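First up is the structure itself, then whatever we jot down about it.
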Amino acid sequence: MSLKNKRGALRLAAFAAVAALALAGCTSTAGGTAAGSSGPIAKEDLVLVASVINTTNPYFIANIEGAKALSKKLDIPLEIIDSQGSSQTEISKIQAILAQGKKVVMFVNTVASSDTPTIVDAVKRAGGYVSIWWNKPDNFEPWDSGDNFVAFQKHPGVDSGRCNAKAIGDALGGKGNVIMFPGVQDSTTSQTRVAGFEAEMRENYPGIKILENQPSNWDPQLANQNAKDLIAKYGDQINGVWSADDGMQLGAIQAFDDAGLLDKVKFASDGLYPDTVAMMKEGYGNNAIVGETFHRGYMASAIGLYTAYLAATGEIVPSELPKEKRTSFFDIKCVTPDTLDDYLKYDSPTAAADFVDQLVENGPWDTEPATLTGGGGPEVMPKP
Amino acid sequence: MVNKVLSEQGAGGITTTAIRIRESGIERRARFRSLAEPLSLLVALAVLIGVFSLLNERFLTASNVQNILTQSAIPLIVAVGATLVILLGSIDLSVEGVMGATGMTWILLSANSRGGVDLGPWAWVIALGVALLLGVASGLIFTALKVPSFIVTLGMWYVGLGIATMLYGTDLLPRLEDEGLKGWTSRISLGLPNSFWVALLVIGLGILVLRSTRIGRVTLAIGNSETIVRSAGLPAFRVKVAVFAIAAVLSGLGGILATVQLDIGSPTVGSGVLFIVIPAVVIGGTHLSGGKGGILRTVLGVFLLTILNNGLILSGVESSYQSAVTGAILVAAIVFAAWSQRDRLRVAK
């Protein structure tokens, strides 16, 4: 074969491949549209979708782990969406999956509250079912949008902040100065945690003064820098440090370690990341970490997906559920170094699979340690 | 003026003298201008420092100065590379991706909490090798395929981030376990933080490369006119690839130091650095169109941005106003610094 012919043949092959792909795409779309968009959906027609904010934060990696465990348990294929921290990416990837025509059972850890209506609307039009975690606008409730927006779920931020405040307040004997590292300033998750922390200090620890808060965007690097600046500003006046999540706390702890102040300062935060467990166990820096709140990403995604799955298969009818099962708050555990050992089992290699087994047995609202504790409307903020 | 020149045409000797005087005037003004811009930037910096030290007496303490130097070290190292690229008239957006890939490669090959291998110094070599590969790839695609550097390096940013994310996997955060390295970046030697010593070394080498080597001279020439460089038979192709490679290795070095500073490996270890580095280069007065500028000016730009951040926190500006205030002060400082550059014929794009 001459060179020219070879090229021609190659082009032909490439064209054939593209045409075949395009055809395959068309057929699957057509098949999808033919299926009904209301009423229970057969399990074979379903696909699980888990959308996370990024794939580098340990919490979101745990989200994926939970979705994988449930996918295996229910024997339904799973697709993961990595929003790469951007609402635009998140929404366009979700729309691309919906356009494939499958019936989706979806869990979305929304990038921003304002993404929720757009996502719910797209899923509804495609006849899928979605649970949203952590962020949604307060006035956009599942019961106003029909059965396809199955539930909004989260762990209450106020409880988390209060738990951390108690830990620091007690460790300092009710006296001292504290600095705070909230997450992204306009995130409701961060705002509720901050409100809970401040309220607890105000109500029960009048001797503790909050020197300053520096929002650090859930970014360990930024928290590290801000901590360095606040150390320069207040020096050894700082007795306690609160961070809205463990990632930022790792950055802050490093800054205090560098400044040689780690032995005198107490830390508390949300998440009890596996790394934090290790640090608490070894008593890092004169037992620097005095309190943590416990919840796991794999529990959130498994609960969210399973609730949506039950709605898709007709086992629950969302519009007949009480409001606290549509906008739901799940228990968050308050952990101190003394109770740490009780939580180690949730990080064993089989932890996600074990949790999913329990979940399918007990239902989405009654599985320890993340049981339903409240809800039915926006989280009530403490009075200023 | 035309009349004056015409009237002087009569006496030949006077005309030449008039032209010489005019030329030397222009030259003097040009020299003044080239000094005036960094000078006014220095004045802006001094004003900022003055105001911040009035607002909080802790601002000028040794510990805060060391803090500022530590924080500026990584942006400084990365900015030296960025300045070289911008002097070419190109841009390197891959900074954060390269930092992530290099930092992650390095920590996974050093003693860390995930176990695995500890290659010691070889971890540095391999990690910086990854950065070099990314840089050479950017450079080759940019020069050989003539794709705008903006797009190539934007792509390389995500390639780097992707490599870092893949390496990171789904395991625990890798924590640094080498006690000698923990906190090394902010430890003080001879009055300055270690990371700042590294930055000084990089700045020195950068200036040397730019002023006294063929790469440096050709870089500036390419920024002024690539056509002339090529028709003069100078190695434009090789120099461009080399500059992208140098920039990537410096980003990689920044990534490793950022990982040491944070004590944990994270694919997003470079987050936010790009938006300090590129503005710093431009604030310093290096032209985005290439050919004009320098590394010392960039150093001033990095300091301006770092001091602004630190000063606002120390002077107790409410965090919700901080970004607006940062922006306003920044614009004011640049207008002031660039005042001497106003010229009826100067084109700003």
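Glycine too: its Cβ is placed from the backbone N, Cα and C atoms.
Keep in mind that this is a model prediction, so the values were computed, not measured.
Annotated features in TrEMBL:
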- B:39-56: transmembrane segment (TRANSMEM)
- B:68-91: transmembrane segment (TRANSMEM)
- B:122-142: transmembrane segment (TRANSMEM)
- B:149-168: transmembrane segment (TRANSMEM)
- B:188-210: transmembrane segment (TRANSMEM)
- B:241-262: transmembrane segment (TRANSMEM)
- B:268-288: transmembrane segment (TRANSMEM)
- B:295-314: transmembrane segment (TRANSMEM)
- B:320-339: transmembrane segment (TRANSMEM)
Winner by Cβ pairs under 8 Å against the transmembrane segment (B:268-288), considering only B:188-210, B:241-262, B:295-314: B:295-314
Contact yes or no, the transmembrane segment (B:320-339) and the transmembrane segment (B:241-262), 3+ Cβ pairs under 8 Å, gap 6+: no
In contact by Cβ distance (the transmembrane segment (B:295-314), the transmembrane segment (B:188-210); 3 or more pairs under 8 Å): yes
Spatial neighbours of the transmembrane segment (B:39-56) far in sequence, C-beta under 8 Å, 6+ residues away: 283-285, 297, 300-301, 303-304, 307-308, 311, 314-316, 329, 333, 336-340
Residues of the parent chain within Cβ reach of the transmembrane segment (B:295-314), under 8 Å, 6 or more residues beyond its termini: 37-38, 41-42, 44-45, 48-49, 51-52, 55-56, 58-59, 64, 67-68, 71-72, 75-76, 79-80, 82-83, 203, 206-207, 210, 276-277, 279-286, 322, 325-326, 329-330, 333
